[in-house]
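Just below is one structure, and these are the notes that go with it.
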Amino acid sequence: MGNYKSRPPSSCSDEFKKKISEGYSLARSRLNDDVKQRSASWTPLQNAAFDGRAEIFSSLLDDVEARAPHDLSLLHLIAAGHGAEQAEKLGVLFGACGTDEAKRRALLSHTTTHGFSALQLAIHKADVSVVSALLESGADPAFVGGPPALPALHIAAMAGSSPITRLLLRSGATVLATDSCQFTALHCAAYFGHESVMRELLAHGADPNMRGAVSDRPLHLAASKGAKAPVEALLEAGADPALTDDEANSALHFAAKAGHTAVIQLLLQRSPAPAKLLSMRNMYGDAALHVSCYAGRQEASKALVAAGSAQFIAAENVFSETPLHAACTSGRSIELVAYLLRQPGVDPNCQGSDGHTPLHSACYHGHVAVVQFLLENGADQSLTARAEQRTATTVGGLAFAARAESIPSGSSLTPSSTNGATPGEEQLQTPVLWAYEKGHDRIVALLKHYANKQGNNDVCSEYSSGDSSYTPLPSPLGRLRSMTKEKADILQLRAALNANFHVNLSDIEFQEAIGSGSFGKVYRGTFKGRPVAIKRYRATAFGSKSEVDMLCREVSILCRVQHPNVLAFVGAALDDPSSFAIITEFVESGSLFSLLHEQKRVLECAFRLRIAMDVAQGMRYLHDGATKPVIHRDLNSHNILIHSTGRAVVADFGESRFAGAPEESNNMTKQPGNLRWMAPEVFSCAGRYDRRADVFSYALCVWELHSAELPFAHLKPAAAAAEMAYKRARPPLPNEASLQFPDHVIRLLNTAWSHEPDSRPDFSQIVTLLAPFVDRDDAMDTSSSSATLTRDARGGVTGGGGGGAVSQLKTKWEQAPPTLPLPERDALGRSTGIGALHGWISTGTVEELRARLDKNGYIVQQF
């Protein structure tokens with residue numbers, strides 16, 4: 001058995017077919033170049049030869065040996081032209097040669113700079129009348145032009161012209177002549193799928209089983225192309241489906257690899273021994289079923305299993321791989337993996353002769369979705385494969401072995417201990433090593449996540465304990481790839497960024513730090529007399545996300561957007577990796593999260609609606625108004641900032657992506673952003689998502705704004721996301737409209753956080769919905785509010801100044817009177833007020849409640 005890791009990504013046959021394709025493409029390109037019209041550089045005589053009338057050509061003809069660029073003779077121009085009288089012009093030209101037979105032969109044998117004769121150009125143009133006239137005038141039907149060396153008959157096969165093929169064969173063309181690939185014209189016609197030419201060649205004695213340079217047969221080529229009619233023509237002429245090429249691939253292998261179900265069925269129907277055909281193995285030990293699985297061809301695999309390949313469902317090739325292993329190595333079709341797992345006798349933990357499982361194969365090739373599918377369907381990541389040398393290692397509690405030669409000198413895998421082994425000792429490797437060795441750090445993290453799962457059938461319980469996020473140790477190869485890409489990204493960003501946005505940190509006056517995160521710290525400062533915020537990145541050696549990548553993303557987006565409700569970009573410092581920074585406008589009052597949950601500010605209804613409208617307008621601009629539309633992907637109360645005037649802006653674009661960009665397509669299946677505000681389709685990784693994910697996050701922000709609570713505050717972030725994604729739970733809403741939740745807000749939330757993305761409104765619709773209520777509420781505040789905060793008749797607090805500026809807000813405890821009436825209670829002394837609606841029960845006086853506040857301002861339950 002061969003070493004699985006030494007399996008070539010493509011076979012010798014694949015590489016040869018690639019060279020053949022390149023050779024034929026080159027030949028066609030050169031022929032097209034020779035027949036291209038170049039009127040500007042031609043003389044009137046040459047233009048007349050190409051597409052003029054015969055009478056004009058005759059009157060201008062003074063030199064039969066005239067040459068155009070590319071060494072095109074008049075005969076070439078006539079053969080390549082598209083006039084209605086090309087055959088007549090041939091008679092005029094040959095008539096001008098008179099009795100000089102040498103001049104006539106020179107015209108017929110002369111070739112262009114690419115090596116093609118006039119006859120070959122006429123064949124390529126598929127002009128039957130000109131080809132016939134040239135053959136009657138003595139053109140050689142067996143002439144070989146090029147390079148690449150192509151007989152005239154092959155060019156007719158490429159062009160798909162059966163009348164010209166017939167003319168050439170009747171004029172003496174050799175049906176068994178070969179080109180530089182040792183292909184006959186029949187091979188060529190089969191490669192290009194021209195059935196009529198194939199039948200013409202077969203009628204004139206072409207051998208349907210003729211060997212090419214690597215013993216490839218016309219039937220192999222036709223089967224790989226998938227057209228049923230050419231395959232039928234060859235089988236009717238006696239082509240043997242059991243013949244193989246030098247790698248022992250049969251026609252069935254080629255059809256299976258290309259996924260042509262109809263051809264597979266036809267080959268098996270016409271074969272005298274279909275069971276033998278199904279059992280044939282190539283030099284790698286692959287039956288046709290292996291080949292179709294490596295190519296990710298689900299329908300072809302189904303056809304093979306139905307035809308009798310089920311007996312080979314557990315058969316291994318020389319790389320110790322069953323068809324299930326092959327499908328996981330390919331990673332092209334999760335549906336194929338699922339189909340194979342449903343077959344009798346197929347085990348997700350089947351081990352090849354070297355011990356590796358389908359999970360090993362998927363991990364080694366970096367197929368995240370396949371790895372997750374296998375883990376969810378019973379794959380055991382503790383099963384081991386064998387290797388020759390190991391270094392025992394532990395990553396985050398996951399033990400695995402690492403091949404010493406795969407780890408660069410001086411690289412430290414983990415802080416944990418490393419134990420060597422004696423040379424030649426048989427090594428055992430779990431799937432996590434194979435992922436680590438290839439630099440697939442996302443898979444390492446995924447395996448760690450599943451290894452730490454509790455044995456609980458509740459789909460949400462896995463998120464209810466432990467950290468809500470995890471950071472895998474980058475592998476040496478993954479770290480090297482990341483560093484190389486980051487340098488290229490920064491250089492590209494520097495060149496693309498407008499000079500006005502390039503900022504030197506020495507020009508900024510730094511003040512106090514106002515925030516921090518995994519990326520570094522945020523400072524307040526002054527730049528050119530303007531207050532600014534400086535988001536300064538620090539160099540990090542480890543991390544599951546690239547801080548440099550997030551920096552590049554954020555700068556590339558911020559420099560393209562400008563809107564009153566989007567954080568204003570001032571510039572970026574990109575010269576020194578130790579001082580990378582983004583400079584934006586300074587927003588005085590901080591984030592909505594801080595106002596609601598840390599400062600405990602009370603926001604009056606009009607101000608809440610104003611914030612909701614500002615955010616909706618900012619998001620509408622990002623989705624529909626920006627030069628390049630943007631999907632935020634991390635909209636939450638941390639990233640909504642409030643100016644002292646009350647104007648809200650959307651901030652933090654490190655996770656954002658340009659909508660519709662081809663290079664971003666792979667990123668729109670991943671989990672970005674904060675789990676607590678994450679849309680179900682994003683959290684569940686159910687496939688590609690779009691801008692509607694932002695609408696869901698916006699709905700949770702609006703609920704948070706009106707309730708002054710975190711969504712599912714009693715759960716960890718990942719558990720909250722799981723509740724919404726898998727149980728379709730949503731934060732509570734009252735049964736009837738109230739001052740806290742007006743009717744239009746309830747209607748907005750019920751649609752905006754719909755589980756189905758297509759049922760959610762876009763931000764243009766949201767703005768339209770909110771506009772009349774925001775205007776009416778603002779007008780009410782302007783007429784009834786005084787310049788200071790005052791208590792209303794209901795004991796609440798209202799903000800003055802016509803808009804409720806943030807600076808005028810006071811904390812809940814500051815606004816509370818010395819004594820408050822206790823809320824209504826039931827017979828057991830429990831509260832029956834709004835607290836019960838949101839899943840908590842308040843007991844005791846205000847002073848008691850204040851004493852039970854935790855560091856984040858939440859009341860600690862006492863039982």
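Using the three backbone atoms N, Cα and C, a Cβ is placed for every residue, glycine included.
Listed in TrEMBL for this protein:
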| type | residues | note |
| --- | --- | --- |
| REPEAT | 114-140 | repeat 'ANK' |
| REPEAT | 148-180 | repeat 'ANK' |
| REPEAT | 181-213 | repeat 'ANK' |
| REPEAT | 214-246 | repeat 'ANK' |
| REPEAT | 247-271 | repeat 'ANK' |
| REPEAT | 354-386 | repeat 'ANK' |
| REGION | 406-425 | region 'Disordered' |
| COMPBIAS | 406-418 | compositional bias 'Low complexity' |
| DOMAIN | 508-774 | domain 'Protein kinase' |
| REGION | 781-806 | region 'Disordered' |
Cβ-Cβ under 8 Å with the repeat 'ANK' (354-386): same-chain residues at least 6 beyond its ends: 1, 3-5, 320-322, 324-331, 334, 337-338, 341, 348, 426-432, 434-435, 437-438, 440, 442-443, 446-447, 450-451, 669, 685
Chain residues in Cβ proximity to the repeat 'ANK' (181-213) (below 8 Å; excluding those fewer than six residues from its ends, i.e. six or more beyond): 16, 20, 23-24, 151, 153-154, 156-158, 160-162, 165-166, 169, 175, 219, 221-222, 225, 227, 229-230, 233-234, 237-240, 243, 245
Confidence summary (mean pLDDT) of the domain 'Protein kinase' (508-774): 88
Three-state composition of the repeat 'ANK' (148-180), taking helix and strand from DSSP: 17 helix, 3 strand, 13 coil
